[in-house]
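A.B. asks: Taken from Swiss-Prot, the feature disulfide bond applies to CYS114-CYS192. According to Swiss-Prot, the N-linked glycosylation site annotation covers ASN4, ASN24, ASN33, on the basis of sequence analysis. Among the features that Swiss-Prot reports, topological domain 'Extracellular' is placed at 1-47, 97-116, 181-208, 278-297. Sequence annotations record features per position, and here Swiss-Prot assigns topological domain 'Cytoplasmic' to 69-75, 138-159, 230-256, 319-358. Under the heading transmembrane segment, Swiss-Prot lists 48-68, 76-96, 117-137, 160-180, 209-229, 257-277, 298-318, citing sequence analysis as support.
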Amino acid sequence: MGLNLTLTKLPGNELYSQASHTANSTSEGHGKNSTLHNKFDTIILPVLYLVIFVASILLNGLAVWIFFHIRNKTSFIFYLKNIVVADLIMTLTFPFRIVRDAGFGPWYFEFILCRYTSVLFYANMYTSIVFLGLISVDRYLKVVKPFGDSRMYSITFTKVLSVCVWVIMAILSLPNIILTNGQPTKENIHDCMKLKSPLGAKWHMAVTYVDSCLFVAVLVILIGCYIAISRYIHKSSRQFISQSSRKRKHNQSIRVVVAVFFTCFLPYHLCRIPFTFSNLDRLLDESAHKILYYCKEMTLFLSACNVCLDPIIYFFMCKSFSRRLFKKSNIRTRSESIRSLQSVRRSEVRIYYDYTDV
């Protein structure tokens, strides 16, 4: 599911495809370009991934702690908990990339990344994408179709649907692990596709197409839900002013989801999808491949940044989460401060009247 800049194709599941090492070998002797490329691979990328690794551990660790104290009252909260799990698993793959890119691992360390780590990274990235789509559908149903089929709103249905998502992603991912069974050597270790069996290579490409279609489907759902909610709120705000403020908050919530989705996932797929469904890579020269490699790595980094941006969704969209966070931090929300001030004033009034009645 990553770009492989040995590029015969834009394959899917190689997060740690050996584009950097292939590009290094082809760029040797090119002076400044080679030095810049080496610094990008061995210094800049490891530092960037180290930063988001530390940030993600802190943010998602806090999220796990808070969600542990929140009951599964709604399907929305349950979807958020699934995203936390996916983000944490995805985060745990970062150290492997950092070690590889910084040059600290042995040569056969590449095999671990090809067979396990890259598969886990992409499986959990697309799991997060699916749950973001489910959250947008949940917001649409709660705002536009609040009196629809009751089974769609039950927590049992949500749990079953969530299990189905994890099972499907496991079914797509496990063959990529099992069929990456080639004998690693110093000659083939830098190309993950050479470590796959013939069936593994075909499965890998099939999963690449499935994931690309999955992204497009979720993108369409997100945009469709956002437009539908916006239109409904605009239409109903003229009739029911008291209810529209609450529904406007739902609209702001889905805006956060759309913003995170577009920021993290759209750039990478704009870079990847044209190559997945065409033979554009055959038309590119070496300099174009190098530019594509930099674009791929930076847009892939943006996708990885999703693990740090998802906590923003928890904070702005989940009242239970923000309330629990403020409570644990001894910080009052604005509404709580107003209620507390009103309570104090009422107490002062009662004391005044009690005193004057004496």
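Placed from the backbone N, Cα and C atoms, the Cβ positions cover glycine too.
Remember, predicted model here, so these are calculated numbers, not experimental data.
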A.B. asks: Considering pairs 6 or more residues apart, do the transmembrane segment (209-229) and the transmembrane segment (117-137) have at least three CB pairs under 8 Å?
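C.D. replies: These two segments touch.
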A.B. asks: Can the transmembrane segment (48-68) be said to touch the transmembrane segment (160-180) if we require at least 3 CB pairs below 8 Å and skip pairs under 6 apart in sequence?
C.D. replies: no
A.B. asks: Could you tell me what the rest of the chain brings near the transmembrane segment (160-180), counting residues at least six beyond its ends with Cβ under 8 Å?
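C.D. replies: Tertiary neighbours of the transmembrane segment (160-180) are 13, 78-79, 82, 114-116, 119-120, 122-124, 126-127, 130-131, 134, 192, 195-197, 199-200, 203-204, 207, 210-211.
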A.B. asks: Using DSSP, break the topological domain 'Cytoplasmic' (69-75) down into helix, strand and coil residues and give each count.
C.D. replies: 1 helix, 0 strand, 6 coil
A.B. asks: Tell me, roughly as an integer, the mean pLDDT over the topological domain 'Extracellular' (1-47).
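C.D. replies: Here the mean pLDDT over the topological domain 'Extracellular' (1-47) amounts to 55.
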A.B. asks: Determine the Cβ neighbour count for CYS114 (disulfide bond): the number of other Cβ atoms within 10 Å of its Cβ.
C.D. replies: 29
A.B. asks: Enter the number of other CB atoms within 10 angstroms of the CB of CYS192 (disulfide bond).
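C.D. replies: CYS192 (disulfide bond) is surrounded by 30 other Cβ atoms within 10 Å.
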A.B. asks: What does the DSSP secondary structure composition of the topological domain 'Cytoplasmic' (138-159) look like, as residue counts for helix, strand and coil?
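C.D. replies: Within the topological domain 'Cytoplasmic' (138-159) the tally stands at 16 helix, 0 strand, 6 coil.
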A.B. asks: Same chain only, please: residues at least 6 beyond the ends of the topological domain 'Cytoplasmic' (138-159) with a C-beta under 8 Å from a C-beta of the stretch. Say none if there are none.
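C.D. replies: For the topological domain 'Cytoplasmic' (138-159), the nonlocal Cβ contacts are 72-76, 78-79, 225, 228-229, 232-233, 247, 250-251, 253-254, 257.
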A.B. asks: Can you work out which residues elsewhere in the same chain, 6+ from the ends of the topological domain 'Cytoplasmic' (69-75), have a Cβ less than 8 Å from its Cβ atoms?
C.D. replies: 81, 138, 153-155, 157-159, 320-321, 324
